[in-house]
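Asks: Below: one structure in structure tokens.
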Amino acid sequence: MFKLPTISLLLVSWSCLVALSQAKTYSLPDLTTDYNNAIPVDEEEAQDPFASCKIYCEGNLLHTIQTAVPKLFADSKTFVDMKLNNSPDKTLEDFNAMMEAKNQTPSSEDLKQFVDKYFSAPGTELEKWTPTDWKENPSFLDLISDPDLKQWGVELNSIWKDLGRKMKDEVSKNPEYYSIIPVPNPVIVPGGRFIEFYYWDSYWIIRGLLYSQMFDTARGMIENFFSIVNRFGFIPNGGRVYYHGRSQPPLLTGMVKSYVDFTNDDKFAIDALDTLEHEFEFFVNNHNVTVKNHSLCVYRDSSSGPRPESYREDVETGEEFPTDEAKELHYSELKAGAESGMDFSSRWFISPTGTNDGNRSALSTTSIVPVDLNAYLYWNAKLIAEFHSKAGNTKKVTEYETKAEKLLLGIQEVLWNEEAGVWLDYDMINQKPRDYYTPTNLSPLWVKAFNISESEKISASVMAYIERNKLDSFPGGVPNTLSYTGEQWDAPNVWAPMQYILVEGLNNLNTPEAKNMSLKWATRWVKTNFAAFSKDRHMYEKYNADEFGVGGGGGEYEVQTGFGWSNGVIIEWLSKHGRDISIGSGCGCLAGEKRQ
């Protein structure tokens, strides 16, 4: 067991970065405990794991570079992913001298020259890595009957080699020169502009790796997350220090469950229990709210200022607010929306009249109790209890079963809506359910956060909900919402993880109607992905529900290719349904078809 003597200094680092209003603050847990699976880290990083945050997370240098006119970078993320050529202190000292010499009004060219001298291009901290356990012909290919789909499976399996990344040794030796968070093992990254690991993306990436028999790579990625929890007390949104104030949907325990199911390595889960418990407690202690006498959780962030990776965009939307306090609250809502993974969506809009109308100025993420987060936490508690049962820890089994039961009761009494026939997010401002479709309304089905004895009743109400909202009418998959706002997590965009939650959730109901719809939607998703790949040779981050075989759009950046979670979901469904799906079989979708 590795002692973390300097972890309390992390709290000091955090306290220097947190400057939210009283309405938005919450305390951090005690991070002074010993943990299994902790790894030694570079001494300098241990002293101040966020040493580079003075460059990449906040301050006048960040603000000046990111708001330069004309702008220096098309994408705000470019700058905060660059490597420092000097120490943070030296860089700040010389920046301040330059600002003084330019009377605090440097030109865009002055700033460009400064960046060119003091920073190196993004990605220099990483090198391409071919996973050592990659197999040319993994066994899932034998489960695919259609020859075209089988060849596609071969090509998808090869993409893992394209997405492999390994951090250079200098990152762990000099972490203060980088925004990237050092981890001990290589990773599979999402792709495109996302050249580092991301938390919830990794769940579906790891599932795909396991089906590809890449057990060592999958285990290494999970162990990276263990090391991060054991150093920082939680898993940031992604592998950069500028994500320090927020996490993403808590799926680490689910990753461990997936690994154990494939390998039967119960010891791996048992040894990880302290870490998994700590992450669970981080969420329930720091994201909790009380609604109708139930303790449930919301998405929220603990940092101040705009998102560094979208700095210019946040400053621009913040200009709509009249005071610094109002701007800060808006930045908090933006980052809470990012923690949800759905950045951004009308799901998080609360208009003055209590609807989901508006734009980003209406973001109220921290005032919405989300179905998915609470369902995931229920699942975490159940899995932790299961792992303790394997270890023979009967007291801990009872403790976490009790936690799960309390969460389930809250989900049932606050979030289940009898009239809608599904679960609905809850608006704490207007004290009412939010009756707007989003796939997460069905997320309890995926993690079995419902009474199995009521499966028939729930199935009937869910199928009626699908019919009422015409969710089966989209040729390119089921969209994330039915609102066309231009945000990337609204219509017409459709995302692999949300299709997965819908399909696997319906299958878990185990009724003929639900299972048939599950297979129909899985087939449709495989085919629209195949059509897009056949045409463009890309797996996309998101797709267009209104058009068969077309990538998505909208949001703050161009649609990205790669793409980790899209690959993972397709590989899993080719493994599960490859004998049932053929290019010529029906799915309610046709090449070139558009929704009317």
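Including glycine, each Cβ sits where the backbone N, Cα and C put it.
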Asks: With respect to Swiss-Prot, which of the residues ASN85, ASN516 bears the note N-linked glycosylation site?
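Replies: Going through ASN85, ASN516 one by one, Swiss-Prot flags ASN516 as N-linked glycosylation site.
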Asks: Since Swiss-Prot lists ARG193, TRP200, ASP201, ASN237, ARG246, SER247, GLN248, ARG307, PRO308, GLU309, GLU556 for substrate, which candidate among GLY153, GLY164, GLY341 does it give for that site as well?
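Replies: Record check against Swiss-Prot: substrate site with ARG193, TRP200, ASP201, ASN237, ARG246, SER247, GLN248, ARG307, PRO308, GLU309, GLU556, extra candidate from GLY153, GLY164, GLY341 is GLY341.
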Asks: Given the candidates ASN288, ASN441, specify the residue that Swiss-Prot annotates with N-linked glycosylation site.
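Replies: Record says ASN288.
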Asks: Out of ASN103, ASN359, which residue gets the N-linked glycosylation site annotation in Swiss-Prot?
Replies: ASN359
Asks: List which of the recorded positions ASP343, ASN451, ASN516 have their Cα within 10 Å of the Cα of ASP201 (substrate binding site), in sequence order.
Replies: none
Asks: Taking only the residues the record lists as binding substrate, namely ARG193, TRP200, ASP201, ASN237, ARG246, SER247, GLN248, ARG307, PRO308, GLU309, GLY341, GLU556, what is the largest Cα to Cα distance between any two of them, in Å to the nearest whole number?
Replies: 20
Asks: If you run the three-state DSSP split on ASN288 (N-linked glycosylation site), which class comes out?
Replies: strand
Asks: In angstrom units, rounded to an integer, how far apart are the Cα atoms of ARG193 (substrate binding site) and GLU541 (active site, proton donor/acceptor)?
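Replies: Taking the Cα atoms only, ARG193 (substrate binding site) lies 11 Å from GLU541 (active site, proton donor/acceptor).
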